[in-house]
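Q: First the structure, then my questions, so here it is.
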Amino acid sequence: MKNTSILFILGLALLLVLAFEVQVGESDGECGGFWWKCGSGKPACCPKYVCSPKWGLCNFPMP
């Protein structure tokens, strides 16, 4: 009985952590991070990245 209670609490904690991560991931969809697919119909790259026309991925700007 004691082991079942511990497993239930750990499972519930894991479920809450995963639900939080999914929610955070959905709210970050405003701009694309490093190696994010960019281009027509896709979210724009975040301010510190540029969309590579050759690869169609967000990357660091070339100096």
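Placement of Cβ uses the backbone N, Cα and C atoms for every residue, glycine included.
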Q: Name the residue from Cys31, Cys45 that Swiss-Prot records as disulfide-bonded to Cys58.
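A: In Swiss-Prot, Cys58 forms its recorded disulfide with Cys45.
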Q: Three-state secondary structure of Cys31 (disulfide bond) from DSSP?
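A: In three-state terms, Cys31 (disulfide bond) counts as coil.
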Q: Identify, in sequence order, the residues in the chain of Cys51 (disulfide bond) that are 6 or more apart from it along the sequence and have a CB within less than 8 Å of its CB; answer 'none' if there are none.
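A: Set apart from Cys51 (disulfide bond) by at least 6 residues yet with Cβ under 8 Å, we have Cys38, Gly39, Ala44, Cys45, Leu57, Cys58, Asn59.
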Q: Using a 10 Å cut-off, grab the number of neighbouring Cβ atoms around the Cβ of Cys46 (disulfide bond), all chains included.
A: 15
